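Scroll down for the structure; my scribbles are underneath it.
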């Protein structure tokens, strides 16, 4: 009985030391890495919350956020745009440049234009994605048509000719369609392995996402997480510090720990 009690005490002491070392290792993480992990966590939680809202609410939130970003970019571009030279320039060239400058406008005008383009585009794209359940060229073209009309409306007002608005919207749609197709052609679709979803989430939360390849090479799939041991992680070539953090996280996570029983 005494021997059994001593063994149990040693096991608890060893577990406590492991948790303390994991906590110390976690505290010594790079602050930039910690910020990135927290940012990803907040972003994931926000996207999860947004996906549960109604279509009008999601469209309003996405349009507002994208519009603010567009206004900032447009204002910055308007502020940094070079001044028009006056001396030694042909008068006809100056007149043409003045017309172009009047069309583009200063920081406030560009902020307004970019806010309309990005806000409407993002809002329509979110609605199309919720309705169609995917992001495709049709959704991109419809969103571009809407942003083209919005740009024409805010830049020319109700006095602009309808044909100009149609031409602008069509130009936006063609450009967006070509850009979407080029993106599809040159980018490789990232297919997430469903057997490593929980493990990937855990590694990102701990700031250890670079060891995802080790998990895949060692076939440490989601069903094996409750069974993980130090030797199994060592066989997957994961260093001692990250091993302690992973085991500590599994021990603290009630959902993973509960599957051991």
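From the backbone N, Cα and C atoms, a Cβ is placed for every residue, glycine too.
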The annotated transmembrane segment range in Swiss-Prot, which must be one of 21-39, 40-58, 59-77, 78-96: 59-77
From 3-19, 139-155, the residue range that Swiss-Prot assigns the feature transmembrane segment: 139-155
Non-local residues, at least 6 beyond the ends, that sit with Cβ under 8 Å of the transmembrane segment (139-155): 103, 109, 112-113, 116-125, 128-129, 132, 164-165, 168-173, 175-177, 180
Long-range environment of the transmembrane segment (59-77) - Cβ separation under 8 angstroms, sequence gap at least 6: 50, 53, 107-108, 110-127
Long-range Cβ neighbours of the transmembrane segment (163-180) (under 8 Å; 6 or more residues past either end): 137, 140-141, 143-149, 151-153, 156
